[in-house]
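Student: Straight from TrEMBL, here's the annotation block:
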type: TRANSMEM; residues: 29-52; note: transmembrane segment
type: DOMAIN; residues: 45-294; note: domain 'G-protein coupled receptors family 1 profile'
type: TRANSMEM; residues: 64-83; note: transmembrane segment
type: TRANSMEM; residues: 103-124; note: transmembrane segment
type: TRANSMEM; residues: 144-166; note: transmembrane segment
type: TRANSMEM; residues: 209-230; note: transmembrane segment
type: TRANSMEM; residues: 242-265; note: transmembrane segment
type: TRANSMEM; residues: 277-296; note: transmembrane segment
Amino acid sequence: MKVSSTTNTSSTISGFILLGFPCSREGQLLLFGLFSVLYLLTLMGNGSIICAVRWDQRLHTPMYILLANFSFLEIWYVTSTVPNMLANFLSDTKVISFSGCFLQFYFFFSLGSTECFFLAIMAFDRYLAICRPLHYPTIMTGRLCASLVVSCWVLGFFWFLIPIIIISQMSFCGSRIIDHFLCDPGPLLALTCTRAPVIELTSSTLSSLLLFIPFLFIMVSYTLVLKAVLKVPSAAGRRKAFSTCGSHLAVVSLFYGSVMVMYVSPTSEHEAGMQKMVTLFYSIVTPLINPVIYSLRNKDMKHAMKKLLRT
């Protein structure tokens, strides 16, 4: 990476400056305490789902295995941003190294991409379970489930690899101040010495494909599920079918509803405050409340959680 400095101050900086949430020292300490608690609750909530699925034999089914893997993903997703954010609250310089910035960029976007693919295969699993119940055990085997999980991780970690490598080799000018709490493509591209329309278009295209292809797949799956459920004669059967899908639909709505605002056009002129709040929601708040959504709306998971808490 080439760095061009225009001021004496910037020439002494060994990386980018993440402004985070500028406020007084007391405010920074308050935010440190708040996000520390949220981070620990996220780890505990998603860790509890993993342990419940691991220890309860009744949950050794594809739906819950996918859920446990999703919770594992959420733990790493929030870990890609929050520890550095916490360190930033206590730092006077707010500096993140170039390598640290682009490693965070890579892992944050790779894990987010993996989440998009996971939400799609979880919808596919619900489609098979409800629309093809007799064939479900023979189609969604342990081998297929494992293959889908591995495919999500591999696709997620390769999706943005080339654009991130190219951006990391570009020249950066000026103060190198990023008005965000993480290394995001929009602010990074704004700091490059020259405009890179090809990279901007590539990033926008990859983001759009990543968001809309899995999203359309999810919508088609649940449209077919809805048609099948409406044909169920008993109200109890319809409620049971809806309850198994309701949690996943809630998570999809929370994640896609916020992430689409930001990354369909990563270089568009969003206000810095809006960028931070929307990113904060889908990267920290959503992983926090996902375990609550899944455990409250699922009887088997609630039973397994109670059993886990009693041990």
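Placed from the backbone N, Cα and C atoms, the Cβ positions cover glycine too.
All annotation found in TrEMBL is predicted automatically rather than curated by experts.
Computed from a predicted structure; not experimentally measured.
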Student: For the transmembrane segment (64-83), which recorded stretch in the set 29-52, 103-124, 144-166, 277-296 gives the largest number of Cβ pairs separated by under 8 Å?
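Tutor: When the Cβ pairs under 8 Å are tallied, 103-124 comes out ahead.
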Student: Below 8 Å between Cβ atoms, which of the listed ranges 103-124, 144-166, 209-230, 277-296 makes the most pairs with the transmembrane segment (29-52)?
Tutor: 277-296
Student: For the transmembrane segment (209-230), what are the same-chain contacts with Cβ under 8 Å, counting residues 6+ beyond its ends?
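Tutor: The answer is 113, 116-117, 119-120, 123-124, 126-127, 130-131, 159, 238, 241-242, 245, 249, 252, 256, 259-260, 263-264.
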Student: Restricting to the domain 'G-protein coupled receptors family 1 profile' (45-294), what is the model's mean pLDDT?
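Tutor: PLDDT averaged over the stretch: 87.
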